[in-house]
Amino acid sequence: MVPEVEFTSYYGRAIVKPPPWGDLIASYLFLGGVAGGSGLLAFGAQLTGRKLLCRNARLGAIAAVSIGGAALVADLGRPDRFYNMLRTIKPTSPMSIGSWILTAYSGGMGVAAVSEIDRLTRNRLPLGPFRGLLSFAEPVGGAVAAAFGPPLAAYTAVLLSDTANPTWNAAHRDLPFVFVSSASLAASGLAMVTTPTRETRPARVLAVIGVAGDLIGTRWMERRMDPVAAEPLHQGRPGTLLRWSERLAAAGGFGALLLGGHRLPAALAGIALLGASACTRFGILEAGINSAKDPRYTIEPQRRRLEERRAAGITDDSITTVG
Amino acid sequence: MVNSWNPVRGGWAHELSGPTDPATDSGWTEHEARRGFFTDTSICIGCKACEVACKEWNRNPRDGDLELTGWSYDNTQGLGASTWRHVAFIEQDAARVEQARESGRRLVDLGMPRIGAPTADAPVDRTPPDTAEFRWLMASDVCKHCTHAGCLDVCPTGALFRTEFGSVVVQPDVCNGCGTCVAGCPFGVIERRSDGTAAPTTREGERKGEQPKVPRRGVAQKCTLCYDRLVDGQTPACAKTCPTTSIKFGEHAELVAAARDRVRELHEQGMPEARLYGANELDGVGGTGSVFLLLDEPEVYGLPPDPRVPTADLQVMFRRAGFAAAGMVAAAVVAFVGGGR
């Protein structure tokens with residue numbers, strides 16, 4: 001029998017601090033996902049000879065990763081020192097690992113995208129002697145981007161969860177599954193917007209799998225979280241965003257499944273999917289920020305787990321001791 | 001150890017959680033004895049000399065707009081980028097005092113780690129200011145300098161580092177202000193200066209509502225355990241100035257022993273509510289460098305009741321992310337191979 005958790009605080013003041021992350025970081029979470037998923041789609045298209053899908057996914061990916069990377073740098077307290085992240089590799093820092101994943105991905109996708117742009121502009125890029133090299137480097141770049149795409153989509157979940165933030169940390173087991181699903185459906189959505197239906201069938205299949213993963217994954221994640229730590233996911237603006245994420249994902253998923261063969265409905269479904277992913281990212285980010293602003297979300301889950309351990313006879317691992 | 005990261009030190013799991021020597025883990029082959037604070041809140045008089053000495057020595061700018069909070073005598077509110085010592089004031093009536101004592105007795109009854117046999121509550125010797133009807137708790141909070149420091153673990157630039165004294169320090173010229181450490185700290189200590197989420201005024205000047213020019217803007221800042229003083233063999237400014245020795249500085253092992261003695265002493269004086277915070281190396285952060293003696297539950301002082309360094313679960317998180325990424329690849333393979341034209 002675990003006693004009821006009683007809640008006291010220091011004048012209602014928050015215990016943990018929210019990180020100074022806002023819309024720029026949420027945008028990066030979204031765009032990084034779009035890029036990660038597009039890396040896979042572009043590589044699949046590259047291997048199966050879907051030239052338009054390949055081109056559009058690559059161009060979408062490089063745009064997403066460029067804007068996202070710029071957002072990341074702009075959000076720093078000292079943007080002029082962004083390169084300090086690339087002066088070390090720290091396995092304990094998801095941000096460090098992520099910087100390297102992002103760098104490797106951007107390198108690969110950059111090469112692939114430059115090839116596409118060169119082809120589009122009929123060899124007008126000033127590449128000089130490197131044009132010859134590019135024909136060899138292009139497929140390799142596409143492969144590198146595909147290899148680092150899924151890690152790019154997944155690491156941001158670890159970045160959020162590897163914190164003392166009550167909501168993000170409580171989601172640490174399942175948030176990666178939500179994020180890769182969201183990335184898959186968003187990248188597929190972008191492909192459905194940009195590419196004629198004759199080449200987007202794989203994207204539509206990936207979209208449906210992504211929607212299923214997103215809807216099931218989010219529910220499963222919330223069920224396994226501490227009920228109090230999960231509350232901010234349902235309240236205020238994050239609550240609204242996450243409800244819309246669910247609706248848009250479902251609508252986009254059905255659209256892709258049933259009407260994906262028609263150009264206009266497919267594009268509309270694609271927009272819905274992109275919107276769903278954006279809502280997920282902004283919602284999860286804001287829910288975590290909110291959870292850090294109220295001491296209840298820190299104290300109640302911690303009290304509960306402490307009391308549960310004590311009730312189970314584990315009394316040697318508390319930070320509070322009597323001697 | 002299955003995950004042999006460093007064959008010399010035999011595995012690296014102990015670098016993420018559990019009892020360990022943090023300076024050795026950080027690669028110091030020869031290092032000083034671990035230093036820390038023991039803040040005995042039972043003899044704090046709330047003079048805030050520690051806050052002032054810290055601000056002066058570290059040249060920390062003002063926080064916010066100098067508002068009056070109505071929280072007893074606490075207008076500082078909490079630790080932050082420019083406030084590295086914070087004195088909390090809590091006013092309690094007889095019922096709250098009895099509640100605190102009850103929770104203290106419960107801790108003793110749990111048979112939590114302690115030295116010596118539990119002693120029965122002796123007749124109460126209520127010397128002022130501890131009166132029967134009312135008491136005023138004052139406690140000087142500071143960075144915990146955790147054995148497993150979340151801020152340091154998640155820092156992507158190496159700006160945060162472990163000193164030879166076992167403390168955790170930011171190098172302001174390396175930090176790029178990403179803010180990950182702010183989220184990584186289970187105690188809400190470290191903060192990005194000036195343009196963080198709770199931005200103080202940007203009006204510059206010396207009058208109320210204005211702020212003198214802020215140094216080290218945009219980078220993470222927190223208590224350094226006065227690293228610059230330590231390397232010179234000096235005591236940190238707060239401990240040096242504390243008039244009641246409520247803040248003690250010294251070798252960590254000795255401080256923890258002294259803290260345990262002090263709890264026993266207070267229990268014998270009829271204060272079963274006395275307890276230690278951070279003195280247990282089996283806790284969620286591997287014990288803290290700054291140990292506190294509290295007279296009520298931690299959350300009453302604004303401290304988390306069961307903090308856990310987030311990186312303790314890092315292996316689980318990376319493994320789950322790996323599964324998720326593999327699942328994404330599998331979905332793409334299904335989409336292209338099984339999807340047909």
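Glycine too: its Cβ is placed from the backbone N, Cα and C atoms.
Among the features that TrEMBL reports, [4Fe-4S] cluster 1 binding site is placed at B:Cys44, B:Cys47, B:Cys50, B:Cys242. Around B:Cys50 ([4Fe-4S] cluster 1 binding site), the same-chain residues at least 6 positions away in sequence with a Cβ under 8 Å from its Cβ are B:Arg85, B:Val87, B:Ser140, B:Ala237, B:Cys238, B:Ala239, B:Thr241, B:Cys242, B:Ile247.
The [4Fe-4S] cluster 2 binding site feature in TrEMBL is assigned to B:Cys54, B:Cys223, B:Cys226, B:Cys238. B:Cys223 ([4Fe-4S] cluster 2 binding site) counts 27 other C-beta atoms within 10 Å of its own C-beta, drawing on all protein chains shown.
Marked as [4Fe-4S] cluster 3 binding site by TrEMBL: B:Cys143, B:Cys146, B:Cys151, B:Cys185. DSSP gives B:Cys185 ([4Fe-4S] cluster 3 binding site) a coil state; it is part of no helix or strand.
Across the range of the domain '4Fe-4S ferredoxin-type' (B:35-64), the DSSP-based residue counts are 13 helix, 6 strand, 11 coil. Summarising the annotation, TrEMBL assigns domain '4Fe-4S ferredoxin-type' to B:35-64 (among others).
For the domain '4Fe-4S ferredoxin-type' (B:134-165), the DSSP counts in helix, strand and coil order read 5 helix, 13 strand, 14 coil. For B:134-165 (among others), the entry in TrEMBL reads domain '4Fe-4S ferredoxin-type'.
Taken from TrEMBL, the feature domain '4Fe-4S ferredoxin-type' covers B:166-195 (among others). Residues 21-23, 31-32, 34-36, 61, 78-82, 143-147, 149-160, 214, 216-225, 227, 230, 252, 284-285, 289, 303-304, 307-311 of the same chain lie 6+ residues outside the domain '4Fe-4S ferredoxin-type' (B:166-195) yet bring a C-beta within less than 8 angstroms of a C-beta in it.
What TrEMBL lists as region 'Disordered' is B:1-28 (among others).
Taken from TrEMBL, the feature region 'Disordered' covers B:195-215 (among others).
Per TrEMBL, transmembrane segment is recorded for B:321-339. Residues of the same chain that lie 6 or more positions beyond the ends of the transmembrane segment (B:321-339) place no CB under 8 Å from a CB of it.
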Interface-proximal binding-site residues, chain A, C-beta separation under 8 A, candidates B:Cys44, B:Cys151, B:Cys185, B:Cys242: B:Cys185
B:Cys226 ([4Fe-4S] cluster 2 binding site) CB neighbourhood, other CB atoms within 10 A: 25
Local Cβ density at B:Cys143 ([4Fe-4S] cluster 3 binding site) - other Cβ atoms counted within 10 Å: 25
Distance, B:Cys146 ([4Fe-4S] cluster 3 binding site) to B:Cys226 ([4Fe-4S] cluster 2 binding site) (CA atoms, angstrom): 16
Residues near B:Cys47 ([4Fe-4S] cluster 1 binding site) in space but at least six apart in sequence (CB under 8 A): B:Pro243
Candidate binding-site residues B:Cys143, B:Cys146, B:Cys151, pick with smallest Cα gap to B:Cys223 ([4Fe-4S] cluster 2 binding site): B:Cys143
Binding-site residues (B:Cys146, B:Cys238, B:Cys242), the one with most neighbouring Cβ atoms at 10 Å: B:Cys146
Other same-chain residues whose Cβ falls within 8 Å of the Cβ centroid of B:Cys54, B:Cys223, B:Cys226, B:Cys238, the recorded [4Fe-4S] cluster 2 site, in sequence order: B:Cys50, B:Ala53, B:Trp57, B:Asn58, B:Trp84, B:Arg85, B:Val142, B:Thr224, B:Leu225, B:Pro236, B:Ala237, B:Ala239
